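Chemist: One structure, pasted below without further comment.
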Amino acid sequence: MSKRMGNGRPRLIIGVTGATGIIYAERALRMLRELDIETHLVMSRAAELTREYESSLSRQELHDLADVVHPIGDVGASIASGSFRTLGMLVVPCSMRTVGEIASGVTSTLLTRAADVVLKERNRLVLMARETPLNLIHLRNMLTVTEAGAVVFPPVPAFYAKPGSIDDLVDHSVSRALDLFGLDTERIEGWREAEHLARVGLGKVKDGLPEVRAEAETI
């Protein structure tokens, strides 16, 4: 979190596309507010339609979760410039159309222009890709953006923490994504090695370090 603006707050760009999963964007904005991160939001027109179908929040209520909201067509906005210092950009959720546009390098909106700038400045770009099943074009585009430096991060739920609600699943994925920017939401329950060792009878954890039984080393 070293890239700070004049008032000392780190900045993060949040792009929202029309893929299903507007709840991921909402939770990300709320968590970033708790962390005192300055958020710059840009939403595609399709994202606004998805919000109407999937969220109880109005357009204004969702926008109010961000510090700055940039119109999708304003290619002269601050986030379109490499001189605008940020931690990077999280596209949440990220449609395959957006992945394809970023992969091509031909950007037509502020959202994809901002993503392109993040890549050229060698900052962190995380794409929470939402699509299934994937065709070969999708896979090739994801390979291309990965080779360019982006992180493709499908919001795949983890069940070892025994989530009790949809919110638990969403929060885990969003927290993992923000962790890629060095931001700790303190919502991720790590792997419980002591419980694992006890469950399978291989040993225990002492002073934070695993003590594995000798006979377990051959497993």
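Each Cβ is built from the backbone N, Cα and C atoms, and glycine gets one as well.
Sharing the record's features from TrEMBL:
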- 11-178: domain 'Flavoprotein' (DOMAIN)
- G18, A19, T20, S44, S95, M96, R97, T98, R130: FMN binding site (BINDING)
- Y160, R176: dimethylallyl phosphate binding site (BINDING)
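In the displayed structure, how are the listed features positioned relative to their neighbours?
Modeler: Averaged across the domain 'Flavoprotein' (11-178), pLDDT for the predicted model comes to 97.
Cβ neighbours within 10 Å of R130 (FMN binding site), excluding its own Cβ and spanning all shown chains: 18. A coil conformation is recorded for R130 (FMN binding site) in the three-state DSSP classification, outside any helix or strand.
Around the Cβ of Y160 (dimethylallyl phosphate binding site), the number of neighbouring Cβ atoms within 10 Å comes to 11.
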Chemist: When you rank G18, S95, R97, R130 by Cα distance to Y160 (dimethylallyl phosphate binding site), which of the binding-site residues ends up on top as the closest?
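Modeler: Its closest listed neighbour, by Cα, is R130.
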Chemist: Have a look at the binding-site residues (T20, S95) and report the one with the fewest Cβ neighbours inside 10 Å.
Modeler: T20
Chemist: Excluding G18, A19, T20, S44, S95, M96, R97, T98, R130, please set out which residues of the same chain place their CB within 8 Å of the center of the CB atoms of the FMN site, keeping sequence order.
Modeler: T17, A46, A47, P93, C94, E131
Chemist: Going along the chain, which residues six or more apart from G18 (FMN binding site) have their CB under 8 A from its CB?
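Modeler: Once residues fewer than 6 apart are set aside, G18 (FMN binding site) is near S44, R45, A46, A47, L49, T50, S95, R97.
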